[in-house]
2 protein chains.
Amino acid sequence: MSGLRRAAARAWGPPRALRAFSARPRDRETLTGKYGEDSKLIYDLKDQGGELLSLRYDLTVPFARYLAMNKITNIKRYHIAKVYRRDNPVMTRGRYREFYQCDFDIAGQCDPMIPDAECLKIIHEILSALQLGNFLIKVNDRRILSGVFAACGVPESKLQAACSTVDKLNKMTWEDVKNEMVGEKGLTPEAADLIGEYVKLHGGLDLVEQLLQDPRLSHNKLAGEGLRDMKLLFEYLMLFGIVDKISFDLSLARGLNYYTGVIYEAVLIQQQNDRVEELVDVGSVAGGGRYDGLVGMFDSKRQKVPCVGVSIGIERIFSIVNCKVKASKEKIRTTETQVLVAAPQKHFLAARLKLISELWDAGIKAEMLYRENPKLLKQLHYCEDTGIPLAAIIGEQELKDGVVKLRDVATRQEVDIPRQKLLEEIRRRLES
Amino acid sequence: MSGLRRAAARAWGPPRALRAFSARPRDRETLTGKYGEDSKLIYDLKDQGGELLSLRYDLTVPFARYLAMNKITNIKRYHIAKVYRRDNPVMTRGRYREFYQCDFDIAGQCDPMIPDAECLKIIHEILSALQLGNFLIKVNDRRILSGVFAACGVPESKLQAACSTVDKLNKMTWEDVKNEMVGEKGLTPEAADLIGEYVKLHGGLDLVEQLLQDPRLSHNKLAGEGLRDMKLLFEYLMLFGIVDKISFDLSLARGLNYYTGVIYEAVLIQQQNDRVEELVDVGSVAGGGRYDGLVGMFDSKRQKVPCVGVSIGIERIFSIVNCKVKASKEKIRTTETQVLVAAPQKHFLAARLKLISELWDAGIKAEMLYRENPKLLKQLHYCEDTGIPLAAIIGEQELKDGVVKLRDVATRQEVDIPRQKLLEEIRRRLES
C-alpha cells in the first residue's frame, strides 16, 4: 500500500485521531438508516452484556460521527482501514467480507465544486500512478437525478428506491431494471420509460449544456443547481488536466442513502475495435460523492458540516495488480534485506551475531540463517533465491585479519574490507 | 506508526499475504482453547445465517492458522493490524476494546535461541528508538516454570491454572495470589509457599547458574532444558549488546495457553532513590514468546512448525508518547504540506487551480483554501497556523510577468520566480 500512502501523504494530513474512530465496535444505531438497501449486509455482534454493536460498513459514517462528536467543522484527512460486509465474497475478483478501504474526505464550508474537483483529481492521480490500465471516472449529481425522476413523474417518496434500482444498471439489463421499478418500486411504466431515456445519456460538457436547455428539467430547481455545478466542475477538471477521463453519466446513481450532491465512480475500461468496454469483472475501483447531511444526523443540534469524499477499493486494485504481476512472470522480491551475514566455517555463530548486531544498529537491513553452523553454499544460495544483493562473510582468516569479506551476490566478486570501513562500503554499494 | 514501520522494514518482509488473514471474521472454533482464562474476552458475532464467528483476539492465532492452511513451514514477517477484546477500556492508559497490535514472528526449524534472541533485540530496538524512557525486558521460560511448579508439588493438571494465577503478580499482592492458588486453583498451602519462594527471584546469568545447581530442579528434565537455553539466550543477548536491559524473572508467567518455551514482557521503569519502579499504569508495552505447538493445532496431520514472536502494544506506546508531547508543550505539525498556493486579488481561482495542479503533478505537497476569493491575509495566516513553510502567490502582475511570487513564511521574504523555474526553486528551498 506504500504507493497509496505516498499519494495520500502528498497533500493530506496523516490519519489523525486514530482513536476516535475505534474505541470499540460501534453502537448498532450509529449505522441504522444510512445505507439504504445495503443495510442487510451489516455484521452485528452477539449481545454479550446488553450492548448492541455492529462492525463498520464503511469509513464515511464513522468519520461523520467523529466530526459531530468532536465538534469538528473543518478537516481534511485520509484513512486506510478495514470495513465489513456480510456479502457473498468472490476472492478472485478482490471482493471480500472484510476488506480495506482508503478514504479521503474534505469537510467544511467551501465554495462550490472546489474540494469536489480535488477528490476527482485524487482518484485520477492514484489510478494513473498505479498503472492499472485505461480508466474512466463517471460523474453524476444526486440533485440532477432527483430532477430527472421528478420530471418523469416519480413522487418524492419513491426517489431513494428509484435511485437504488438505477444503481443496478451496470449489473442488470434495462429491461430488468424497468421491471423492478414498476413491479417492486411501484413506478408507472410511463415514468420508467421516460427515466430510461435519460439514464442512457452520457457525455461531457456538451451534455451538461444540452440538459440545461431541456424543457422538462428547466423548471426543476434542484436539477438546475446540479447542472450549473456540474458545469463548474468540468471547468475545474479542465484546469486540473483530467477532463478526458471524465464521463457525465446519468445512469450513475450509487445506492447509499447519504449522498446529497455530486457522485462519482471509477471503472477500468478496455478499448476493443473502437468500442469502449467496462471491465465489469472487478466493478468500480473507486467511488464517492458529496454528503452534506450526514454529520448533522449525529449532532444533537443538527449542525450541518458539508463533506465530500472518495473511497479507494484497495483489494480490487490489489487483485488487478496481482493478475498483472502473474501475467508478466517477473520475479518480485518479498523482502528488502540488503546484506546476509554468513560464515564459511563451523563455530562462527558468535561472530555472526556480533556482526549482524552492528549492521542492525547502523540501520542496515540484514539477515542471517538461524543455524549454528550452516554450510556456506546454503547461505549463498539463500542470497540468490531471495535476491539479497550482498553477503558479509566472516571466518577464521577474516577475524584474524580484522576484515570482512564482502561478496557481490550477482557478480560473485569478493573483496576484503577492513572492519571499521565496512558500514561505509556497504552503504556505498547499496547506493550505486 | 512510521517509526515502527521503519524498524519493521529493517530486516523483515512486508506484511505478506494480507488476504489470507482476513477473508472474513474467523470461525469461532479457530479461537477456542487458545487463550485460557482470557477466552471470556472474545467478541462473538451474532448468528446471521448459521455462521458462528468471532473477532480476532490477537494476531498470533490467525498467523498460526494461516501457516497451517497454506503449509508454510518457514517465514518471518511483521503485521500491524487491529484486534478486539471485550474488556473494560481505560482510554487514558491506552487500553481499548479495539486496538492495534504490531507483531513480529519467526516460524521454522532453527537452532535454539537464535530467533528468540532476535525478538528481544527487536523489542530493544523499538523501545530505544521511540525514546519512551527507561525500560526492562523480563524473560522467563514456560519449561522453567513447569519445572518449578512440579518441584513444588503442583500436579501436571493444575499447571496452566497455576500459570494464570502467577501472571497476576504484577496486579495483585503475593497474599492474594496465594489465596487464589489455594482457594480457587486447589493447590496445597505448602506448594503455594514454596512457589512463592521461587517467583520472588529475578536477576541475570548468575541466577540461571544458581538454579542450574538447585537440587529441587536438577531432576526435572524440562527445567534443565529451559535453564540451559536461558544461559544460551543470555550469551546471545550479550553479543547483541542488550543484556543490561534484560531481567530473568521467575514471576513472569503470561496468561495465554499457547506458549511452550521462552516468554518475555517489556515494561517501562522509573529509577527512584536507588529503587527501580515499574510504571504499572500502562502495564507492559511489548510481550511474546515461543509457541511451538500452535500451528500443529490447525494442521490435519498435526505437523508442528516451531514459532517465536513478539507483540508491540501500539496504543499503550501512543498514550505514553502523547503524554510526553503534551508535557513538552511543543507544537507539532499535523500535516506535511510544503506549499500553499495563494492569490492576492479576486478572480484568480482558475490560476490557483492550474498552479496547484502543476505542483501536485510534480509530487510537491500543496494546498489551497477552498474559496473562490479568499483574502491574502487569511491565506498567509493559514500558513503560519499550520506551519506551511512556503506560499506560492499568483496575481495579476505575476501572471503578466510569467512569474510566481515565492514567499518564505517564516522570514516573510518574497521573490519573483520565473514560472518554468518554480518547481526547481521550491525543491531547492525544501531541501535546505
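The backbone N, Cα and C atoms fix where each Cβ goes, glycine too.
Take the L-histidine site that TrEMBL assigns to A:Asp58, A:Leu59, A:Thr60, A:Gln101, A:Asp105, A:Arg254, A:Tyr258, A:Tyr259: the candidate from A:Arg85, A:Arg86, A:Arg95 listed for it is A:Arg85. Cβ packing within 10 Å was compared across the binding-site residues A:Thr60, A:Gln101, and the lowest neighbour count falls to A:Gln101. Whole-number maximum of the Cα to Cα distances across the L-histidine-binding residues A:Asp58, A:Leu59, A:Thr60, A:Arg85, A:Gln101, A:Asp105, A:Arg254, A:Tyr258, A:Tyr259: 21 angstrom. Look at A:Thr60 (L-histidine binding site): DSSP puts it in a helix.
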